[in-house]
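> Dumping the structure here so I can ask a few things about it.
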Ligand SMILES: *Cc1c(COP(=O)(O)O)cnc(C)c1O
């Protein structure tokens, strides 16, 4: 050591360490005793010379049990980022989840003291949001909704589906594999780019379980194409199951190509399946909406029990349906001019801190396998690329997008109250530019 002091004597004191914000936060989550033990062990290692005194806080933190996924700031400009947990929940959903964390009346009717249908309030809220549905059910996710439909309606039968709709959802999961894993057989019709109503009509017969219509939610086919709308499929005389993917309950003018549950049911689908954590902006869930007879068959199937949702999901979904001003909706519909002003304010604040950053136009997207091709005009802070890694591993982690040697931070999906957090995170990166 250049100052000649034995490094072991520079080990920070326990009370000073426990006052550090990161360790205060850890103590709030895990209890002070656990954090104190980790701090003492790290101090001992520093005294033995195994680590430097400066490393004590990091080593103590690293020794603590993880409290699960960490909260991050999504400055990617991707509204529903699958790697970042898709939809951010609304305050109403969070409040509902917290209230449901203890014991709840999830399967009990308090007025009679008898067992009641699980999550009946959530089901009632979903049914009220889509009056075109006679009945509704909720399972673990969109894939589970499809598996339940295929198992209950076509285990020994055929699912008639267009070759243009046999899609890969992501991370290697392919819809055809998911469907055939249930024992159902696929009866593929048409071609990749064109399928006609005559193709479906020729394939429909006594072996048909249902006709499946899948929204190609994460890609677009253009050029010489044709697909058959649900309205025409419904006239074939067999049930139509429509996987609309994104969970829009009603049309959104911003997303004219995204199917919604209400319109699809009015067009004659017997059953609609969708995800809860995409455009609806709720928790991970699989929504099933349809005729009373269809939904009852699914609900009564033994597999339904294996796919049933937790009380926390039911609570979050009810909260989402009760207050539709979700962060997803807010991010999708954010006004570009207002985003520009926010971004410029942050730039000016950072300039006052001695950091030179620029404001540049940005293009945000829906993401999460939804609304491909939809571009949302946005704005971003542009920083040198070297900021990317320290911001990603900082506290809180800030995720941006690297493009042409620059790190872009798009505030569209960052809650406005977190702008100060973005500023602090940028300042925590040593600046020499
Ligand atoms: C996202 C999606 C799925 C899968 O839903 P998960 O909730 O991720 O299981 C299935 N089909 C379509 C059309 C989708 O967009």
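All residue numbers here begin at 1 and follow the chain in the order shown.
Heads up, the Cβ atoms here are built off N, Cα and C, so glycines get one too.
In TrEMBL, annotation is done automatically, which means it is predicted and not curated.
The shown structure was predicted, so the numbers you read here are calculated from the model rather than taken from an experiment.
Feature list, courtesy of TrEMBL:
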- 8-47: domain 'L-seryl-tRNA selenium transferase N-terminal' (DOMAIN)
- 278: N6-(pyridoxal phosphate)lysine (MOD_RES)
> Given the model, what does the mean pLDDT over the domain 'L-seryl-tRNA selenium transferase N-terminal' (8-47) come out as?
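Mean model confidence (pLDDT) across the domain 'L-seryl-tRNA selenium transferase N-terminal' (8-47) is 89.
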> What are the helix, strand and coil residue counts for the domain 'L-seryl-tRNA selenium transferase N-terminal' (8-47) according to DSSP?
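Helix/strand/coil tally for the domain 'L-seryl-tRNA selenium transferase N-terminal' (8-47): 34 helix, 0 strand, 6 coil.
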> Within 10 Å of the Cβ of residue 278 (N6-(pyridoxal phosphate)lysine), how many other Cβ atoms can you find? Include all protein chains, please.
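Result for residue 278 (N6-(pyridoxal phosphate)lysine): 29 neighbouring Cβ atoms inside 10 Å.
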